[in-house]
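Student: I'd like to ask you about the structure that follows.
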């Protein structure tokens, strides 16, 4: 027993000695902590930092560097925070500083840290404080701009197109404004107004600002304020009746994460508010730490009520771990001293000098990563990286999670991102109906005042009447049904009432469609529904939705039956084809005459007879009635080709004419507006329509323009025509034209170009939040219901044979279809003509090489061309006979007998010995001449 006691005593002494030696070998590093010690967040953070220091070295008892904390109270004052920083650096010579908590205090402290090269680890979230521009600043919390992504996703998820931004008027509040505006712009949402509230603003001032906001249309508000100001603000929101159904309030992370610090009364005034905050997974380690933290908090602050642990406390805990790890890596390699300038110091900052450890230490902290209490604690270039945000709904005593946002999955109901939706939300006013995000604060019972045009005709589109018994306005028509369907497709209810645009006595329209638009822009209506055409001029005053009916302006004119025309036989061929065909007839006749004139008696005679032969022969081929026998092979070739061309032309002509005479052909009386204007005739238009200004722009006078208010008036005016007090045409928009032609398709047609317009749309005041939602609903109705609504009012598209026939002009023959034929015929005739002239000039080349003048040569050639070839042969034979008799002194008859058959029968010559032939007569003449000699 004595031996055991002795050994135990020796062991205790050895352990104490080792502990003393170990403590002597550890290096204590002084770290400053600047907090607002009298605030709940300051107390929470101090407790977390103290616990982190003990926990770290309990886990890493072998580390040779140990943090020794030196706390200072900034007392919620910027100057006091700066003074505490100088004191820690000058008198304590700390190697790093944690804090301050607020961005305003941190701004001064960071500047001092940069100059003294001491790392400043602060949870200040203002985007104006950038670790990229301040090398010795490490942000141990998320940049406040990161929360804008989940906030904008939340706005986008519920399709709110307008928001109002309420923020605290200090550096912290103002720093987020430009980033919020840009974020909203990127999703197509407008920031309609910004309300700035100073932290010291009175309750009366806040109440007055809220009444201003209450008069606006926008009902979606994003609030960025610290808990002290926010709690007062939301109490006034509740008092002014702005925490009721239809309102939307979204708060930023700085308030959402500190809801537990608010009184129960403050939370009660925020029922239905949505908020975003960084998400900390509730792991076993976090739950165990929270239990220990509450015990530690009670020991340190026994008189205070224990609040909830938030992510700022957990981040502070992990930040101490990051700092301790970095200090261990630096170790004793660097002196833990400050280098002071040898020159005389003129201020406290100059007296501090620069830390010799700072540059090595800050580089390790600025890029650190480890598995901490908050999860993946990852710092890159001095900035804590974003993780997951949680979207909460304030209900009852606290908050309910309704979804999550992450950079990878966006907005979702669960953490894994599989369900792209949110859980059910309880909105202000204890309702589950999604607010539409806007209201009409000045309208009667928040009903939308919808102006409608009052028209006597065209009731298929819109018709407004007053019930004589109930005195209620009854509005019907295609446009109204489309509007009702669109309102029904909106994700929220829109109460509305129709107000006809009539004179005070209610008997006639109060003006044109443009006048109705001007009344909308003046605030007399909240919307205009009807057959309102979207025009650039009108869009200067109002905003239009997407069109729900096609646009375009065209002409309606009477139609005529071509079969009743006395000149219908001219219709099968177009004018160019008629002219070309006639020219080729004449050209072909001329070519054949040239080729046959010298060898064929039928192509000779007086000039008048020869001209007649040219026309007769060519045109007789049209009916294959030519009797003239062709002698020249060249002319036969030309005629063969031409007859084929004529065959194709006549066959095509016959087929086209047959079609015209057997199928009803309707053509418009006028083909374009310029033709009507040139003739000085009248044009009609719909009463109150913009088409009148359009016609004036085309050059029509007021005397030529006439307005009509019904389809029956259209019919009567077109039937009478301009000469009988009517009009020659009516210009209107395509929807009206289609309905009119469906009723009068046998009598009228649409002609001329279609002048494009944007179509019919619904009009709203400039900046109305309804435009975006209604436009999307118009697309939905157009795809799903428009056909049924159209058939209900206009009937199914009916076939009109007469109208179909009026548009068929393809059976008229065009020159383009026969270019190939005419090319072949032209080349054939021209080639034959060139061959003939080449031979003819070659035979008479002695004339071409003579010394005569050009006119004499042409006259000689023409004279020879006009000589019939048979006479030319006779003359040649006589001359040869005389020449032979002179040379041989023998009777010419012997020559002819010897040379019988020497001339070609193709030349039209004779049988040499038959009496009575030309040769026989020639022989007699020659013999007589010889005898005389």
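Glycine is no exception: its Cβ is also placed from the backbone N, Cα and C atoms.
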Student: With TrEMBL as the source, identify the stretch among 520-538, 539-557, 558-576, 577-595 annotated transmembrane segment.
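Tutor: Range annotated as transmembrane segment by TrEMBL: 577-595.
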Student: For the record in TrEMBL, which of the ranges 616-636, 637-657, 658-678 is the transmembrane segment one?
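Tutor: Comparing 616-636, 637-657, 658-678 with TrEMBL, transmembrane segment matches 637-657.
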Student: For the record in TrEMBL, which of the ranges 820-841, 842-863, 864-885 is the transmembrane segment one?
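Tutor: When 820-841, 842-863, 864-885 are checked in TrEMBL, transmembrane segment belongs to 820-841.
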Student: Using Cβ atoms and a strict cutoff of less than 8 Å, what residues sit near the transmembrane segment (820-841) while being 6 or more residues removed from its termini?
Tutor: 580, 584, 587-588, 591, 594-595, 632, 634-635, 637-638, 641-642, 645, 648-649, 848, 861, 865
Student: Which number gives the other C-beta atoms within 10 angstroms of the C-beta of residue 745 (disulfide bond), all protein chains shown included?
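Tutor: Excluding its own Cβ, the number within 10 Å is 19.
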Student: Tell me, roughly as an integer, the mean pLDDT over the domain 'Ionotropic glutamate receptor C-terminal' (447-796).
Tutor: 82
